Amino acid sequence: MTKTYKYEDQLHFIQKSDDVKNLFIIKKGFVPNMNVEGHLFANDNLSKLLFDELKQFTDDPGSFLPALKQLANVAALPGIVKSSIALPDAHSGYGFSIGNVAAFDMDNCNSIVSPGGVGFDINCGVRLLRTNLLYKDIEPIKEQLVQKLFDLIPVGVGCQGKIPCDYGDLDNILEYGMDWSVCSGYSWAEDKEHCEDFGRMIQADPTVVSYRAKKRGLSQIGTLGAGNHYGEVQVSIYSNIYVVEEIYDEYSAKVMGIDRIGQVCIMTHSGSRGLGHQVASDALVDMENSLNKSKIKVNDKQLACARINSDEGKKYLKGMAAASNYAWVNRSVMTHLTRKAFEEVLKESADDLDMHVVYDVSHNIAKIEDHMVDGKLKRLLLHRKGSTRAFPPYHPLISADFQHIGQPVLVGGTMGTCSYVLTGTQLAMDLTLGSTCHGSGRTLSRNKSRRVLDYNEVLNNLKEKGISIRVASPKLVTEEAPESYKDVSEVVQTCHDSGISKKCVKLRPVAVIKG
């Protein structure tokens, strides 16, 4: 029988690091069977939110596990190395917390892959476009511009894409990713040079993706979708217009083509839609059925998993890669539609408007990477869920354009708050397996947001800030209000102070499209 600890007793397993700023260490014994420690990166204010969640659960256990328990349960999975890592935007999710990073040794035959460590919206991620426009150039036509974007980019649950696509096209999308969108005219050839993995995972195999998943994905190419992730509470999906408010690192920003306060940028956040959700759901069924056969013990049934080299593990990784390719194409088509919207309203070509991709990052993905573990270079399967790769300067897997500055990291804020561009660091490789935060992280559930926040008050606050808004559903106004989230600036500053990413640019929203 598992021993039950009081809240005060559980705190004895958590200590603050003397060596690394904003690091809390969760020692073995916090939950049963931990193979490694849990490492939480959070300042005192952000950590208090997670401790309060833990206390609430201890006093009154509910249907969800607090993020700290989930972090520790991941530390008990077979084959995990270094530590189970939670970033400052961590909050409770399905199996893994959102904001969790975990790596498994590819040379260990017991190591596992878990769909809960990626999430249901496989390769949900963010793409940033820059322009040569200043805010004064679009201010008189801002409403027209945001309406054109809203008209061209399908948003919301069940929305249908405008790109003609048959099952043959879909298989090519799943296999070739952005190479398909370049050949089909929906991407500029240079776009993929500024995408993580250059917009394609070569392990993808369309034949392992179920007919049901393909049917769901066929009509959703180039759609923004909605932000309700099954079994989890994540940031909503959006396409926002920003202006540069502050530049912290002028050299790095200039390399990215961002060099002026007031410069207009566009950020799109979306993923693999219903197709990725179905790939994850199918894999969970397979893995739940095989858990007894493989004799893998997990602390939480939501951590259903399979050995990496098992049939179930290989199938999931191939399907996840295919869904990731789909997500890159999805963001590419939305980039195409965004460029088209600007062209139609401003009567200039996207090329003349300098609408180049700054970068495209993944927030929910599993990848094979090489990292140092106990002084040895090891090949690992990295699970990043609600977290962002943050490789340092001169890392071989980042684009040539960014070798001197490190990988750009895109961190989205909420409906009325700023977003950030960061750069990766060597310390991230040492402390967080080359990872940093991805957003702000929810503090209120969607239901609670609708109960306690006033629709008109939220709209008025946005209006006072000069933010235009279009939403697929009115309920999103309260669900996605800034009050529902942690302070993204505090999250970003915590990562900056810990040295796992470096602040580069701050972006202020002037128009918001929510799905």
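Note that Cβ sites are derived from N, Cα and C of the backbone, with glycine treated the same way.
Per Swiss-Prot, active site, GMP-histidine intermediate is recorded for His438, and the stated evidence type is sequence analysis. What Swiss-Prot lists as Mn(2+) 1 binding site is Asp121, Cys124, His229, and the listing cites sequence analysis. Marked as Mn(2+) 2 binding site by Swiss-Prot: Cys124, His269, His363. The GMP binding site annotation in Swiss-Prot covers 228-232, 363-364, 412-415, Ser419, 438-441, Lys514.
What Swiss-Prot annotates, mapped onto the structure for a quick look.
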residue: His363; record: Mn(2+) 2 binding site; contacts (Cβ under 8 Å, 6+ apart): Asn123, Cys124, Gly125, Val126, Arg384, Lys385, Gly386, Ser387, Thr388, His438, Gly439
residue: Asn364; record: GMP binding site; contacts (Cβ under 8 Å, 6+ apart): Val118, Gly119, Asp121, Ile122, Asn123, Cys124, Gly125, Gly271, Arg384, Lys385, Gly386
residue: Gly441; record: GMP binding site; contacts (Cβ under 8 Å, 6+ apart): Pro88, Asp89, Ala90, His91, Ile98, Gly99, Gly386, Tyr485, Lys486, Val491
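Fewest Cβ neighbours within 10 Å among the recorded positions His269, His438: that distinction goes to His269.
The distance from the Cα of His269 (Mn(2+) 2 binding site) to the Cα of Thr414 (GMP binding site) comes to 11 Å. Asp121 (Mn(2+) 1 binding site) falls outside any helix or strand according to DSSP and counts as coil. Every protein chain shown contributes to the tally, and the Cβ of Cys124 (Mn(2+) 1 binding site) ends up with 30 other Cβ atoms within 10 Å.
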